[in-house]
Amino acid sequence: MDIEAVSTNEGAATNYNHGGNHQSNLIVPNNHEDDLQSTANPITQNRVIKWKLLIVFCFFSAFGYLGGPLLQRLYYTHGGGRKWLSSMLQTAGFPVLVAPLSYIYIKKVNGPSYDSSWVFMMEPKLFIYSATMGVVLGLDNYMYSAGLFYLPVSTSSLLFSTQLAFTAVFAFIIVRQKFTFYSFNSVVLMTLGAVVLALNTSSDKSPGTTQQQYYLGFFLTLAGAALAGLCMPLIELAYGKSSKPITYSVVMQFQFVLSLFSTLVCMIGMAINNDFKVIPREGRNFGLGETKYYFLIVATAIVYQLFTIGFMGIIYCTSSLFAGIFTTCLLPFSQVAATIAFHEKFTGQKGMSLALCLWGFVSYFIGEYKKTKKPHPIAYDNKAEELKEKLDQLTDSNTMEGSHKSESRFVHP
């Protein structure tokens with residue numbers, strides 16, 4: 001067998017000549033170890049990039065999760081009472097996504113690696129998913145806003161944090177989320193934290209709120225938590241249904257459409273409730289002044305949009321279960337923020353809830369850390385695998401051919 005190496009742009013083309021008649025040209029990498037490293041390095045780089053993105057998304061989500069309810073409660077405390085308006089503000093900041101989406105599009109089109117076959121817009125089926133979930137989210141936002149009208153921030157945040165339990169159940173059913181001991185332990189601990197905080201919360205009724213209104217707010221918020229727990233696995237499922245890779249530009253488009261339809265649902269509710277006619281009068285009579293009224297409306301929309309960007313990004317980088325666990329971990333901090341901003345009571349029960357939630361969050365990350373410590377198989381390039389198979393087949397055929405020739409020497413006519 002004569003072997004002749006020929007240099008090419010892609011590597012070394014090896015010409016196998018079997019008996020001078022059968023030839024096969026194969027592309028062999030010049031340096032196998034370097035190619036394995038170049039194959040593995042992008043994977044490592046992607047993991048680093050995702051961790052950096054995850055940190056940013058967690059910051060956005062935490063900022064919106066803590067700031068949004070405080071601004072909403074501030075609106076209600078000083079004379080605001082339009083529940084559909086308050087609901088709309090949770091998604092009305094979606095136009096801010098136009099700027100980053102435009103930047104990504106222009107940078108891609110004008111870049112040196114631009115491919116004319118590249119499609120910027122998300123798939124039609126993702127559009128349908130996001131529009132449908134936007135309608136559901138609009139109803140969910142109303143339940144939360146109406147519940148917050150009757151409940152203190154601490155109680156409302158507590159009840160809404162039970163979405164973690166709903167998320168865990170729906171994630172198991174819808175996306176077949178696998179539970180480890182650590183993730184299950186985390187869900188149990190955080191749910192217990194919510195239950196502990198729920199004890200004797202009726203004493204936290206806002207001034208002027210009747211017992212019936214308190215229970216109405218209680219069940220509206222709980223129903224909103226269940227609906228939010230359903231939405232998170234559905235978003236993860238929608239990402240999985242895409243036939244193309246999910247990039248963050250697709251995530252932002254998904255969020256844009258979702259927020260648009262959610263806002264439209266709330267605007268329809270505002271129109272039916274005559275909120276558009278009442279808003280100017282409500283602004284003039286607002287306790288902090290008309291200017292601060294409109295500033296509060298804009299600030300609430302922006303803060304909630306930051307939360308949505310972060311929340312969708314967390315699902316993109318990890319899973320719906322982790323997104324639920326992260327927001328539940330923020331629950332005790334919302335209690336502290338409400339205590340400082342509105343002088344709500346910080347009881348021993350809230351302190352115990354804080355300890356349980358932090359314990360659960362640490363438990364989850366211990367499980368994730370142990371996962372990263374497990375050995376993973378080296379990721380080979382598909383072309384390298386195909387090359388190895390062809391080489392094996394070629395070697396086998398050559399061996400068989402040689403053995404046939406050897407046997408023929410001992411066969412008598």
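Count begins at 1; order follows the chain as displayed.
Just so you know, glycine gets a Cβ as well, placed from its N, Cα and C.
Quantities reported herein were computed from a predicted structural model and do not represent experimental measurements.
Annotation comment: TrEMBL describes 402-413 as compositional bias 'Basic and acidic residues'.
Taken from TrEMBL, the feature region 'Disordered' covers 1-24 (among others).
According to TrEMBL, the feature region 'Disordered' maps to 393-413 (among others).
According to TrEMBL, the feature transmembrane segment maps to 53-72 (among others).
Residues annotated as transmembrane segment in TrEMBL: 84-106 (among others). When Cβ-Cβ distances below 8 Å are used as the criterion, the transmembrane segment (84-106) is approached by residues 68, 72, 75-76, 120, 134, 137-138, 141-142, 144-146, 148-149, 249, 252-253, 255-256, 258-260, 262-263, 266-267, 269-270, 273, 275, 279, 297, 300-302, 304-306, 308-309 of the same chain, each at least six residues removed from its ends.
The feature transmembrane segment is assigned by TrEMBL to 126-144 (among others).
According to TrEMBL, the feature transmembrane segment maps to 156-175 (among others).
Taken from TrEMBL, the feature transmembrane segment applies to 182-202 (among others).
The list of residues near the transmembrane segment (214-239) in space but at least 6 beyond its ends in sequence, with Cβ under 8 angstroms from a Cβ of it, reads 126, 129-130, 133, 136-137, 139-141, 143-144, 146-151, 155-156, 159-171, 173-175, 177, 202, 205, 246, 254, 312, 315-316, 319-320, 323-324. The annotation transmembrane segment is assigned in TrEMBL to 214-239 (among others).
For 251-273 (among others), the entry in TrEMBL reads transmembrane segment.
Residues annotated as transmembrane segment in TrEMBL: 293-314 (among others). Within its own chain, the transmembrane segment (293-314) is flanked in space by residues 53-54, 56-65, 67-68, 71-72, 74-75, 80, 85-86, 89-94, 96-97, 235, 248, 251-252, 254-255, 259, 282-283, 286, 322-323, 326-327, which lie at least six positions past its ends and keep a Cβ under 8 Å from the stretch.
Annotated transmembrane segment per TrEMBL: 321-342 (among others), in sequence order. Sequence-distant contacts of the transmembrane segment (321-342), counting only residues of its own chain at least 6 positions beyond either end whose CB sits under 8 Å from a CB of the stretch, comprise 58, 61-62, 65-66, 69-70, 73-74, 77, 152-154, 157-158, 161, 163-164, 167-168, 171, 177, 183, 186-187, 190, 193-194, 197, 229, 232, 311, 314-315, 350, 353-354, 357-358, 360-361, 364.
What TrEMBL records for 348-367 (among others) is transmembrane segment.
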Contact yes or no, the transmembrane segment (126-144) and the transmembrane segment (251-273), 3+ Cβ pairs under 8 Å, gap 6+: yes
